[in-house]
Amino acid sequence: MVCLIIEHPEVVVCEHAIPKHISRISSLNPITSQLSFFDHYNMVKFAVIAAVGAFATAKISPSIHRHLEANHDVDVVVEFRDGNQPALRAANLETATIQTRGARIAHVRSLLESNMETSQRAAVELLSSQPEAFTTRVESFYINGNMHVYGANRIVLDELAKLDNVAHIRLPVVVDLPVINDEDDNVVGLPVLDLLSNSTSVQAANEWGVNLISAPTVWAGGNRGEGVVVGILDTGAIHTHDDLKTNWRSTYGWFDPTDKSPTPIDTNGHGTHVAGSSVGQNGIGVAPGATWIACRGCTTSSCPEAALTACAQFLLCPTDVTGKNPKCELAPDVINNSWGGGSGSNWYQANVDAWRAAGIIPVFANGNAGPNCGTANSPGDYKNVIGVGAVGVDDKLASFSSRGPTKDGRVKPDVSAPGNQVRSAWHTGNNAYKTISGTSMASPHVTGAVALYLSANKAATYDDVYKAFTTTVDTKTLTPDNKNCGGVKDATYPNNNYGFGRINIARAVGANVSPTPTIPVTTKAPTPTTPMTTKTPAPTAPMTTKAPAPPTPMTTKAPTSTTPMTTKAPTSTTPMTTKAPTPTTPVTTKATPAPTNGVPTTTQATPVTTSAAGSCNGCKSCYSTSIGYCFPPAFSKAQCATFVDFKTIWCGV
């Protein structure tokens, strides 16, 4: 028997197998019956090579072929067979006995780096051997095992696709963000639902969202999030802002894969606002005692996949501002992600899986594509993240808040939090603030709440947090709107509107707090001035705070964000396992929290009189002594009298 290998390690043709092919070929053409074995071999070889070529072509996304019809080259993402899963499976088995958190994360990083080098070796060798005319720039990421190839032509792509362990070649994802470009600093194409105010005053009260989830009750017990590190993956943040400057960690606390800024910047405002709601001082943040770090995964107008992946990698194991000298012991405990888009898209799943393997808790906005059912955005719709919906000051679900179920029928969001008309820090000045809306604003309330929980429960895991948050929610104050998404009634919990309910961090950490009084539906929640579209997003990657992009979401323009790798796979860095420094405890006062910004309530009517001197805390209208909230000036004395469950007093003239 003669066996011949046909230019492919898995294609072997033997002599005894040829007659079957000959019989089929001969029946079609009598001339072939006179051919020798090697003539038939050549015919079969041609057919096999054609089949192999077709198989390789199938690995390349059709959108790439369309792009190459009009362009000479293209930027692509190469995904390899099994991705980072072999490393994560090993990590799950091997890290349980490692005592310190930093050492565990360093081991996860080491496994991921080794996995990347092994899986990408053939691709690196192939790209290194290309003629100079075909030279491409290559960027490899250990966190998900993917390779970004910039400027690849059709020949390079065909050769990559022939490699056995290359699973798929696709265009990079780009998540859309708004652009701030007019002279009044208004946001064009704002992903958050409205931009209501621009102020430079530090209010003497806590913001309404901070009060609604009972954060001040936790503060009163001496817990403001101390000892916890919060990661912000967004447009950056202004570290000099009055409400953020005291608790930013300057050591290994910032990375900008796009512009390489050595200090924190934010050219959009979104990230600064998010950071403020999570860890800001002076009543705007839920966990003002926590330390924060940030990575700029989004620029002024978009979030390229390469930048988002570089940030995922930085937050898994922080480096210096040049991306070198990793110190995994400085990784954050929880990461806020107020971005995303589309539904059922798994392009970021491997990064989230790596975070989870490292013990980091991911929190994601659920999206602003409501009120239709089935509009939960990715990655907020992933199984292993906390997806967050948005409520207003009256605890009513915001119309824009994306609903479940997910593509595979699961309930999303997991929980809800304040997100409609939220005031927080802004990037235009150290004392600038804006009021905006979106699930992007709800997510950091949950992230800050996670920080409070972890501060009280140092060894808590993701599962501990998830159970605590979903079993201590407020539901009696929520307003069902008879939208039974996925066949789940919204008057029962969990449902695909509110999830399990609106978080109550005081209950979650075990503080002695009574249920929030029922809020009457007679008081209408503020609604966004610019409502979001109700169209279900396409499975793309637009911003969670913006309606999804067209059906082919992945841009063909290469992100120029991270430091490009050479065509040689990066050598694994030996992770450091030194003990992390104790996070800086911000300077805050332990005074009982002052009032806030917004919660109307119940239906009983009892006259109220003007309060005693000093008890109004500066409020000039209706004041709630139970939650420390000053109602807007438009509320009359008669209206104030109807909110007795909140122990209202009249402080007006």
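Each Cβ is built from the backbone N, Cα and C atoms, and glycine gets one as well.
According to TrEMBL:
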| type | residues | note |
| --- | --- | --- |
| DOMAIN | 225-501 | domain 'Peptidase S8/S53' |
| ACT_SITE | ASP234 | active site, charge relay system |
| ACT_SITE | HIS270 | active site, charge relay system |
| REGION | 401-424 | region 'Disordered' |
| ACT_SITE | SER440 | active site, charge relay system |
| COMPBIAS | 517-547 | compositional bias 'Low complexity' |
| REGION | 517-605 | region 'Disordered' |
| COMPBIAS | 554-605 | compositional bias 'Low complexity' |
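In this structure, the CA atom of HIS270 (active site, charge relay system) is 8 Å away from the CA atom of SER440 (active site, charge relay system). Counting in whole angstrom, ASP234 (active site, charge relay system) lies 10 from SER440 (active site, charge relay system) by their C-alpha atoms. Around the Cβ of HIS270 (active site, charge relay system), the number of neighbouring Cβ atoms within 10 Å comes to 32.
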